[in-house]
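According to Swiss-Prot, the features are:
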COMPBIAS  49-63  compositional bias 'Polar residues'
COMPBIAS  81-95  compositional bias 'Acidic residues'
COMPBIAS  111-126  compositional bias 'Basic and acidic residues'
COMPBIAS  199-221  compositional bias 'Basic and acidic residues'
COMPBIAS  227-242  compositional bias 'Polar residues'
COMPBIAS  243-270  compositional bias 'Basic and acidic residues'
CARBOHYD  101  N-linked glycosylation site
MOD_RES   23  phosphoserine
MOD_RES   24  phosphoserine
MOD_RES   26  phosphoserine
MOD_RES   27  phosphoserine
MOD_RES   60  phosphoserine
MOD_RES   62  phosphoserine
MOD_RES   63  phosphoserine
MOD_RES   78  phosphoserine
MOD_RES   121  phosphoserine
MOD_RES   188  phosphoserine
MOD_RES   239  phosphoserine
MOD_RES   244  phosphoserine
REGION    38-129  region 'Disordered'
REGION    184-277  region 'Disordered'
């Protein structure tokens, strides 16, 4: 049980790591090896003591892989050239021969005097697992295509930025302008000038009104004062005349009373004298 658990652990580790395929693989695997040679740096090297337990599942995996490769290559034979199909068939036959030789070598691993060549063949066969090779994106550096301006002193490598001065657009009147446009422009200018003059006149009128109002205010105050003086004088005159009339009436009334008294006295004297006689 322990050996089986160890085998499953090793299989999981081996399937997780990118592995270089053997030379007996299909043409697609060879093309992948040629495109990505850096993925070969991480090879799996298990212990030689566990080869017997490890090679039994490998043979079954390799046979399944060859069957899958055959199935993948069969539908594409109609589109490929006959020379390419012959090459693929030769590669498959070679892979089957190599797998049979590897199985024979695996049976002879029980001998103590096993050569180093069998060890290397076992390792090469052991590495044969269908793993997804990681794709490495190749970034090409940016190379400027502009010509070098040596005469001016600029260098394209330094990527000097040239400041662009933006010139404001100038409205140039074309000589083909019609008279109507010209007259409309003149009329608009006249309207603007009349508006400005009307504003100026309105402002001047307002200022004149303010000045006149300021000048008329003290004059009105003086007139009010003069009218008040005249009214006071007239009132005083009227009061004096009224008092004088009252005095005259009093005098007249007194004179009339005196006359009546005198008449009475005279009548009494006359009556008294007649009685005496």
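Positions of Cβ are set from backbone N, Cα and C atoms, glycine also.
The structure, with features from Swiss-Prot marked on it.
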residue	record	Cβ contacts under 8 Å, 6 or more apart
188	phosphoserine	none
239	phosphoserine	none
244	phosphoserine	none
DSSP helix/strand/coil residue counts for the compositional bias 'Polar residues' (227-242): 16 helix, 0 strand, 0 coil
